[in-house]
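Quick look at what TrEMBL annotates:
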type	residues	note
TRANSMEM	37-59	transmembrane segment
TRANSMEM	71-95	transmembrane segment
TRANSMEM	128-151	transmembrane segment
TRANSMEM	163-188	transmembrane segment
TRANSMEM	200-220	transmembrane segment
TRANSMEM	232-254	transmembrane segment
TRANSMEM	293-314	transmembrane segment
REGION	348-370	region 'Disordered'
Amino acid sequence: MAGSAQPPTAAGGGGPDGGSLAGDGEAFGDRSLSQGLSVLVGLALCVTMLGLGCAVELGQLGQQLRRPVGLLLALLGQFVAMPLLAFLLALIFALDEVAAVAVLLCGCCPGGNLSNLMSVLVDGDMNLSVIMTASSTLLALFLMPLCLWVYSRHWINTALVQLLPLGAVSLTLGSTLLPIGLGVLIRYRHPRAADLLVKISLWSLLVTLVILFILTGTMLGPDLMAHIPASVYAIAVLMPLAGYALGYGLATIFKMPPHCRRTVSLETGCQNVQLCTAILKLTFPPELIGSMYMFPLLYALFQSAEAGLFVLVYKMYGRDGYKQDTLGEDEDTDISYKKLKEEEVADTSYGTVTTEEHNSVQMEPAQTAL
């Protein structure tokens, strides 16, 4: 019982604004709207994972497994670079244990569906994007709890980290396998329905984030922003930006072509914020996590804005170079196609068919100008 009395105190004593975090957490847990929010978060996660499964084709998956570059990049980007980045930012900005756990949890999450959409807009490698997202999601079953356990050691003496529900995190991750498997089955049996579900999942990402912002702001009160430290805002801005840079550098080390570098960059910086939100909401007591429940939503806001700037810069300055590269790669195919058409035209002009009286048919040579 002594342990149950300590967590609110630990959450409130983690920093100069810790008391407000605990107070907000109590209000957050006492509202009846909290149950509805939990259902919304769970449904949003299921739709996201279903859309991810619908984007995976078994043939492409087999090719990637035979040459597992995408799997290796997902491993290094999502479970080496991003968790380490989150840990270093938490140390640099001297976060308390509540904020640090929220940042670490977001940093240890697998890739999200936003990267697949953004990869299309920057003419990236969609097969690589989908395989990296799917691979990191499956790897998260084992590596996400491991990363959380390793990097939370710095705050091990605090009650929140001692009560870190790694088992509940693993259970939440395991529950995502069902919609992913269902999505893969739909893609195999009904490709058109799978394409529609992928689009629905991408739109649901935007709609869910907007609804979560509104509902969370309603439950935590109008002074929500004042309860979140400026350092958390700074991390929400810097973390996705640094993730994009790390991903691009990682792809450069592997000597990948430019369109694959853009893909790996977006895959590394874009985290599955629906999963992070679901874990914070479904596994942590509200009185402990407090307003830090907002961190993945802030991360989603800034990762989308920065990815949008990435796309804008590419459309303005990088697209001409991409077209030239594509023309160089497809030049042989275009020439062969032109030659084929010319041969077809030459064959049809070799002779003409004329009809005369009754049923007689006569071939006359075509006149050619000398």
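Note that Cβ sites are derived from N, Cα and C of the backbone, with glycine treated the same way.
Unlike curated entries, TrEMBL annotations are predicted automatically.
Worth saying up front: this structure is predicted, and the values here are computed from it rather than measured.
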Under 8 Å, at least 3 Cβ pairs, sequence separation 6 or more: does that hold for the transmembrane segment (163-188) versus the transmembrane segment (232-254)?
no
Where, among 71-95, 128-151, 232-254, do we find the most CB pairs under 8 A to the transmembrane segment (37-59)?
128-151
What else in the chain is close to the transmembrane segment (71-95), if you only count residues 6 or more beyond its ends and a Cβ gap under 8 Å?
15, 64-65, 103-104, 106-111, 131-133, 135-136, 139-140, 143-144, 147, 150-151, 154, 229, 231-232, 234-235, 238-239, 242-243, 246-247, 250-251, 254, 264, 267-268, 271
For the transmembrane segment (293-314), sequence-distant contacts whose Cβ falls under 8 Å of one of its Cβ atoms, 6 or more beyond its ends
28, 99, 102-103, 105-106, 114-115, 118, 121-123, 209, 212-213, 216, 220, 224, 228, 232-233, 236-237, 239-241, 243-244, 262, 265-266, 269-271, 273, 276-277, 280-281, 286
